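Shown next, in structure tokens, is the structure this report addresses.
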Amino acid sequence: MAKVREVYQSFTDSTTKTLIQDEAYRNIRPIMEKHKLSNPYAQTVEAANDLEGFGIATNPYSIELHTHAAAKTIENKLLEVLGSLLPQEPVTFMFLKPRKLNFMRRNPRIKDIFHNVAIEPRDVARYPKETIIHKLAEIKTDTAYISDTLHFLDPSYIVETFQNCPKLQTLYATLVLPVEAAFKMESTHPNIYSLKYFGDGFQYIPGNHGGGAYHHEFSHLQSVKVGKIKWRDPKDGLLGHLNYTHEQVDTHTVTVQLQESFAANHLYCIRRGNMMTPEVRTFGQPDRYVLPPQIFLPKVHNCKKPILKKTMMQLFLYVRTVKVAKNCDIFAKIRQLIKSSDLDKFSAVELVYLVSYMEFLAALQATTCFSDTLSGGLLTKTLAPVRAWIQEKKMQLCGLEDYAKLVKAVDWRPVDFSFKVETWDFRFNPLGMWKAFQPSELSDVEEMNNFFDDGDLLDCFTRMPAYAVNAEEDLAGMRGDNQGETSTAPREPEGDKKEYVNPAETFLDKLTRKHNRETKSRAAKKAKRLAEIQDSINRDQTEEESQGAPNMGEAPSNAELPGTNGAGAGTTFPTLKALPQKWEDASFTDSSMTDQMEIMPGKEAVEVATQKVVDELPWKHWLPQLNAVGFKALEIQRDRNGTMIMPITEMVFELDKEEFPEGTPEALARELKAMNRSPTTIPLDLLRARDYGSDVKNKRIGAITKTQAASWGEYLTGKIESLPERKVAACVIHGAGGSGKSHAIQKALREIGKGSDITVVLPTNELRLDWSKKVPNTEPYMFKTYEKALIGGTGSIVIFDDYSKLPPGYIEALVSFSTKIKLIILTGDSRQSVYHETSDDASIRHLGPATEVFAKYCRYYLNATHRNKKDLANMLGVYSERTGTTEISMSSEFLEGVPTLVPSDEKRKLYMGTGRNDTFTYAGCQGLTKPKVQIVLDHNTQVCSANVMYTALSRATDRIHFINTSANSSAFWEKLDSTPYLKTFLSVVREQALREYEPVEAEPIREPEPQTHMCVENEESVLEEYKEELLEKFDREIHSEAHGHSNCVQTEDTTVQLFSHQQAKDETLLWATIDARLKTSNQESNFREFLSKRDIGDVLFLNYQRAMGLPKEPIPFSQEVWEACAHEVQSKYLSKSKCNLINGTVRQSPDFDENKIMVFLKSQWVTKVEKLGLPKIKPGQTIAAFYQQTVMLFGTMARYMRWFRQAFQPKEVFINCETTPEDMSAWALSNWNFTRPSLANDYTAFDQSQDGAMLQFEVLKAKHHCIPEEIIQAYIDIKTNAQIFLGTLSIMRLTGEGPTFDANTECNIAFTHTKFDIPAGTAQVYAGDDSALDCVPEIKQSFHRLEDKLLLKSKPVITQQKKGSWPEFCGWLITPKGVMKDPIKLHVSLKLAEAKGELKKCQDSYEIDLSYAYDHKDSLHDLFDEKQCQAHTLTCRTLIKSGRGTVSLPRLRNFL
């Protein structure tokens, strides 16, 4: 709906809008006419929203009133639904007014029958006299309906009705029963009805109207659960049925099913016959509620009423995150989470119980007291279950540890409005003796049994992950099966015993049985694997004892393999395991030995020598696999540390070898088997798939997928989320770059040719073209980039090449989305770089790389390469048989015609802009193989990961040329070294500064003003009026359902409470600010708006050009001035402290997208007088953090234009930029006219209103200054495509841009001169969005034609320029004595500092600000009115009492 609304709002033509409204009205009218029958009433906004949730529309212009309109509407709607179900033949209606047939749209010609019985006195007036009967008569129609009465009748009524009315087949009935009453909850639909509880019953009050209330007993609620009713024919009197068997008694059944349900109103269908009905009946539940466990004794001191789960989670996280959760803090947090309007729904006693419960949770330790399954050796793991069992028994006998208490205490019971249907069986129970409807209380024993149910906390103590259970543990479990079964104590028959049973004994008994069941199940499933591992252990021990040395014929363990970390070792086999016999019998041939065979004495000697070499190789059993990928592997190689390089590492033996799925081409299966890459079934992580699908659906990632319709994204995520699990056969192939991972597969594909159901998914288009060249005899659509594969579909066999470069979660999403996939083949290198997501708001950004997920399904890592020569490969820890020496050189010059590798994507773009199209990043060059590469080294290189560096260094086959672009060492670099990115975008040439400002000579000292005296004022005289109207904290705070109340009103001090304290960490205020200050759009709409307002931008620029006296011809570009401005910007940035530079590291990073913006909430105290003590807190201000290089570039552009602006600026125009109050005072005294009214101007949403027209103005201004075109275009790009985590921003100004102040000021000047006809010589002062003029100019006639096309709206304030009424500018008053701080604002700000106890820290600043007014002494009586004088006096007294600061005014002490 949001996108549809956005499209409609984009229409600006009034004729188009009129047509849309006319068409919408034609569509709306019949719909509203349809709903008018059931809902003709005027509804409250809240009730209308609830009704819309039930699919019932409300006419907003309806004026018909009703005491309980919403409840009556639902009643009417159910009658309408019933009318669509009833047959067009006579129906018997019971307890129904005949006029309500209108709501059913019944044909009045149908001879319907009415049976109404007066049960209550008011029924006499309710039903027409002719429909009232003394008792219910026989129903002679097939269908009947009972209206809102069945729940009051005895359950036997239905039996008697069907028994006495043989023709009746279907009975419809409406019930009014709020299911939440079963839990004694407040109404879940308070806008429709409310509930009150009295003893054993409750009252249903529709619309809070007591006249329409119903009283129910709790037993009535049983009616909502009935599913079937069975009874017998009466025989031999009341108890005659006892003499018959089940077969001898005639049985009758009716089936009850819920037809429709709205709030507390339900429509049931009761049909004669034994039919199917759902086992569980679910009613609408708008919110999720939970009940805390009953952990305190006596039980009365536990929370008994359901509480919103969100509230419970918020409170729980609060008490666990604060250092000390005091009682008052928890009460305050609860108060913060509850709206003031909802306080009457809570009981004070329940809140006390809740706070006590939360205090209990806060005092418990959250660190587990149980041992893990990862630590320790074989013996420790074997005894782990025994220790756990002992620990459990100890806790059962001696009491739970804190951690166990905490887990038990937060095991909240969900309050679910789903009920298991019941069968009421009257066959062998007399109807008159039916007593099954009174709810019974649980006994203590039953309650404790439920408390210690099998599905509780102890599951997490006794259940151990399958992958963490080792051989000895399972074998011990097998041996102890019989003992465990025999040791289980049988239950003692209960008989008639009702005495209290010790719950601890029941608890222990359940744990014992549970442990034995799980041990038996684990052991049975793993018996075969355990026996094999045990045999392997025994055999290895025997061989070690006999040989006394490591057996080189066995596969080395992970600990011996180079490049295997501790985590990897932990995920593979823990002991040595014998290799299959077929590997030991593998034959060996070596074509490289041909020359030696000619010299050797004979063939037998050659075989003996060869076999001797083979026998000494640690990887002799892996030779067939190495030979299959082209390696002889007869040489032992070592890395630079002297460690042996194993060509096969990271072996995983416990993977099952499975058959290839049906339809797998024989050539492909043969090649994979030769490499020992048989498939194994992998369960996919659907959470990763859902994260990827969510990002695609919400267009946070991708390029092609962003162009797809929203329905496709919904279908993608819906299909993924609908899967409970997804398993697929997979062959995972890991190997070093150039090891031949893809070669064997490409060979098989060439053999297969066309016609196969195979798809190859590639991470880049370059890799796709490479595969197309190497496998030319296949269909071109076999090779797809990953986004094309997701959109266009795949075959049943999918090959993912270089899958580490695919987005995390993509493989899981594709396989889950395409259910036809039955085999996947993954080729990649876990040592090389992985996919990096740059979108900050993408969910997959937080997922681990795919190689970490699938590495455990890879049988081995092929640590050998055909690409690099032996010397380079060995330095990288890789096995290689290529002879020769890799040429390595280094200089500061580039080689022509050689691919260039750079560390950052930004540098890649820059180099490609210079014509070097074969430039790649270190990470992006994966898959590239070239004879020569040149690698650029700069300050980003040192922050690249080892995986990325390995990727870059392994690209070349013959030569690597390093290019050092860094400068030589110097003391200057120490500060630049503070972050890894700073040097990459700062120029380090000698700065050529502009001419520095030379201050004017000091004016002669004026004659001092005569001193004066002002009367003592009441300390609270200024702020008292604001405090009188001060509301309660939570009435003023902004409330969000997601984050609770904001926290802007702080402390108990009423002075501090007047000021809104906006903090960056306030989530509620942040989102309120985002909603109020930021608008999202898309790049296309922004650019369209930019083009559509070109003519307005021209008008703005022409007015600005005339106002600022710019020459008519463009100003020639000055490279010298530009460089000087750039160095000024750079010097100002580097003048920051080293700590501040380090804090900006993220924005300095070349990986920070130049169009990305980080948005923060500005932390500040709001001291504006007009916002003191507002009844509702206003949204704050945002700060935007741009890419630092972008800020400095456009900051240079703004400073460059400022330099020329100041050169041409008229003297009557003053811009308060890099000036002092003394400068502004001198200018005002020289140029300001105080004899006429003046105008001060402010704006509504100034930043957000700077739309495409203002951008067009800025572009024209930049072009007039001859700014280079590429810089202007970059500025347009970032303004039309500024991206935050919510999407692309509309064209607007953001605090934090490089040219923010200058651009705001110049837009202000342009708008002011476009709107007003300002006489020549008028004094004007500007600074950002503030401005003031010394006259009140007329509005131009031409502006009325532009007003509606400009979003910017001004708020002019006219002052008379007399005592107490002077123009205000940036907090300064412009007076005939010069500028001075507004005394009221200064005093208000001072009182805040005093109330916070921070006056000593800022006293110097306040004294300086005060001095501009204080210097005028007696003249202040001519400038300030009474209130201003009061504020000025109180400020002076406060500063005197607090003591003088370092910049104190000595004359202040003589003032009073």
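Here the Cβ of each residue, glycine as well, is placed from N, Cα and C on the backbone.
Sequence annotations record features per position, and here Swiss-Prot assigns ATP binding site to GLY735, ALA736, GLY737, GLY738, SER739, GLY740, LYS741, SER742 based on sequence analysis. Mapped onto three states, the DSSP output places SER742 (ATP binding site) in helix.
Annotation source Swiss-Prot lists compositional bias 'Basic and acidic residues' at 491-500 (among others).
Among the features that Swiss-Prot reports, compositional bias 'Basic residues' is placed at 512-528.
Taken from Swiss-Prot, the feature compositional bias 'Basic and acidic residues' covers 529-541 (among others).
Look at Swiss-Prot and you will find 59-225 tagged as domain 'Alphavirus-like MT', backed by sequence analysis.
Feature annotation from Swiss-Prot assigns domain '(+)RNA virus helicase C-terminal' to 863-997.
Residues annotated as domain 'RdRp catalytic' in Swiss-Prot: 1236-1343.
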List the other residues in this chain whose Cβ sits within 8 Å of the Cβ centroid of the ATP site residues GLY735, ALA736, GLY737, GLY738, SER739, GLY740, LYS741, SER742, in sequence order. VAL629, HIS743, ASP829, LEU862, ALA864, THR865, HIS866, ARG867
Least crowded of the binding-site residues GLY735, GLY737, GLY738, counting other Cβ atoms within 10 Å of each Cβ, is GLY738
My understanding is the cutoff is Cβ-Cβ under 8 Å with a sequence separation of 6 or more in the same chain; which residues meet that for SER739 (ATP binding site)? VAL629, LEU862, ASN863, ALA864, THR865, HIS866
Can you tell me the three-state DSSP label for GLY735 (ATP binding site)? strand
If I restrict to non-local contacts, at least six residues apart, and a C-beta distance under 8 angstroms, what lies near SER742 (ATP binding site) in its own chain? TRP771, ASP801, THR827
Measure the Cβ-based neighbour count of LYS741 (ATP binding site), defined as the other Cβ atoms within 10 Å of its Cβ. 23
Tertiary neighbours of GLY740 (ATP binding site) (same chain, Cβ under 8 Å, six or more apart): VAL629, GLY630, LEU862, HIS866
